[in-house]
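To keep things clear, I will list the structure first and then write my remarks on it.
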């Protein structure tokens, strides 16, 4: 089947292990989209520099992400898988867009305000200008669609505002991308505190299932997952009064590719313990297959580096054309 004439861009930072929430909300969507669109899937190592880490850890983390991409089902023949820092046009466009962005816009970003409040004495400029680099990432590939979670909605609005402003100042240069909201990924919640999103930075690891977790640890985490005190227990989806069980129903529906209503009908009378056993079986089955593939790819670093090298060359070919168009619009040589 021929691909649609549309470009997709998305990225993941090489910072910490990915979770089943990342898989459901991000990677699973990518796998489906690669068959129908021209997809640019970036490993955003420049973004990760806002947090200090050793160079050895960063390099290993990059290769971990490539192996994760492949193990989840991304095909380097169907998608452009590349490293952000290897395509220098990202940094150059970042500066050009910085000159079209207002300070007030950046300090209003919710993520920046949250991080500044938590660590007010150690805020670097990179954290403030993070959304502008994100804009250069997206706009550099004539992007039509950006799959995002709810937490990136404000950044996407800023990216579109920057693109429109540039077009008004210098002529029609950038496409205005549309975001594709991931309902599921934004709604995979912590197992231990289902009022919060499942996050790889959660201090309570019992609330998070990492893709590389030991399988016995996965079983334990799900067994300990918060439910409710209904008597008799009922497997029913209700985000207001049964948030813990609703989270487990959501997870199971994603891994089984079934409607939530189907899950409710089949398991309505199950005990919470028995329902958790069903969830455990489904996740462990997925993770067993994933981890076998992951470790097979991860031990072949030459192959992973080759994918990055070839993908970065392909990305650079697209990026050079767009950057030339931008510079011509601005009167730069």
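Glycine is no exception: its Cβ is also placed from the backbone N, Cα and C atoms.
It is 14-22, from the ranges 14-22, 23-31, that Swiss-Prot records as motif ''HIGH' region'. Of the residues 159, 188, 209, Swiss-Prot puts just one in the ATP site with 13, 14, 15, 21, 22, 149, 150, 151, 197, 198, 199, 200, 201: 188. Residue 15 (ATP binding site) falls outside any helix or strand according to DSSP and counts as coil. Neighbour counts of Cβ atoms within 10 Å were taken for the binding-site residues 150, 188; the minimum is at 150. Less than 8 angstroms from the CB of residue 200 (ATP binding site) sit 16, 17, 18, 19, 22, 208, 210, each of them six or more residues away in the same chain. Rounded to a whole value, the Cα-Cα separation of residue 150 (ATP binding site) and residue 137 (L-tryptophan binding site) is 19 Å. Within the set 13, 14, 15, 21, 22, 149, 150, 151, 188, 197, 198, 199, 200, 201 that the record links to ATP, no two Cα atoms are more than 21 Å apart, and one pair reaches that distance.
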